[in-house]
Amino acid sequence: MKRVFSGVQPSGDIHIGNYLGAMRQFVALQDDYDCFFCVVDLHALTVPQDPVELKKNTIELAALYMAIGLDPKKVTLFVQSHVSAHAELAWLLQCITYFGELSRMTQFKEKSKGKESVSVGLFTYPDLMAADILLYKTHYVPVGEDQKQHLELTRDVAQRFNNRFGETFVIPEPMILKFGARIMSLTNPTKKMSKSDADPNNRVNLLDDPDTIYRKIMKAVTDSESEIRLDWEKKPGISNLLTIYSLFTGMEVDEVVNKFKGQGYGTLKKELAEVVIDKLSVIQKNYRDISEEEVLRVLKEGAERAEAVAVETLKEVKEKMGLILRD
């Protein structure tokens with residue numbers, strides 16, 4: 001069975017962009033692939049984190065993984081820092097990665113822009129991501145457009161290692177959704193919906209209450225026209241709302257356009273809010289039914305399964321690089 005790896009950072013509230021762009025896809029994959037899904041807490045540390053919030057967010061994210069429909073009996077669900085091989089392999093990969101390669105990473109340029117100081121961890125983040133993927137000899141990685149460049153680096157580093165030390169790593173392939181992989185901000189639909197945005201109205205969080213969901217969607221930025229159509233260049237706000245409606249209902253976007261043809265933006269927003277509230281209510285009920293003890297048990301078992309695979313890969317890498325193994 002082909003293997004899939006992906007992860008989400010526990011660095012803030014999980015929103016519908018995370019869900020529609022990645023997490024929902026995870027559920028569809030669990031029956032056909034050997035799936036490793038990770039709460040990547042080490043990645044979160046590349047920017048300052050409140051320790052109490054980080055712990056809370058880690059538990060919350062793991063519970064949401066389960067609440068959206070991931071079955072711990074079918075997938076390996078674990079926390080990145082619980083498997084130390086991630087950090088160790090990241091260092092080994094840094095030693096064969098070139099400074100220029102990391103300097104060209106668009107995400108580093110964006111996140112470090114205008115800041116007086118940034119962490120080395122933010123700069124070397126792509127090597128930790130590469131380690132996450134390569135440790136499990138992953139075949140496919142569900143990634144958004146913003147991570148595509150990092151996956152290309154992962155492939156380059158893996159191929160370089162294989163050429164230099166002998167066949168070791170599987171060269172992973174991206175699994176990118178052609179439609180809906182990038183959900184945009186409700187307040188600025190030219191930017192991606194983000195949990196790091198200072199304006200909480202830019203996103204609908206999975207655990208938002210119905211009144212908050214309704215308010216955020218009704219306030220979503222649109223345009224001065226009145227025609228409902230998909231046009232990302234001229235009507236990014238409406239196009240974003242149509243996309244969200246399509247993904248939550250399973251309707252083709254053309255069907256959604258026809259459904260609301262001749263109607264006002266307010267009608268689209270109102271019905272979209274009702275759809276989102278209805279869909280998220282199921283996730284929220286599942287979330288409330290999961291205890292912290294159950295989450296910790298699942299994470300412990302997942303880490304044990306992940307570590308069993310990771311240590312074998314790390315051992316192989318060390319041997320090929322000439323490191324002496326401890327008995």
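Each Cβ is built from the backbone N, Cα and C atoms, and glycine gets one as well.
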If Swiss-Prot is the reference, give me the range from 10-18, 109-117, 145-153 marked as motif ''HIGH' region'.
10-18
Suppose you had to name the range Swiss-Prot annotates as motif ''KMSKS' region'; which of 72-76, 192-196, 197-201 would you pick?
192-196
Let me spell it out: take the motif ''HIGH' region' (10-18), skip the flanking residues so only those 6+ beyond its ends count, and list any with a Cβ under 8 Å from a Cβ in it.
39-41, 44, 47, 49, 54, 57-58, 60-61, 64, 182-184, 192-196, 203-207, 244, 276, 280
Determine the minimum-neighbour residue: among Q9, S11, N18, listed as binding-site residues, which Cβ has the fewest other Cβ atoms within 10 angstroms?
S11
Please report how many Å separate the Cα atom of S11 (ATP binding site) from that of D132 (L-tryptophan binding site), as a whole number.
18
Relative to the Cβ of I183 (ATP binding site), which residues of the same chain, six or more apart in sequence, are found under 8 Å away?
I16, G17, L20, G21, K192, M193, N240, T243, I244
What's the CA-CA gap between N18 (ATP binding site) and D132 (L-tryptophan binding site) in angstrom, rounded?
19
By DSSP assignment, list the helix, strand and coil residue numbers for the motif ''HIGH' region' (10-18), in that order.
3 helix, 1 strand, 5 coil
Integer Å distance between the CA atoms belonging to D132 (L-tryptophan binding site) and Q9 (ATP binding site):
13
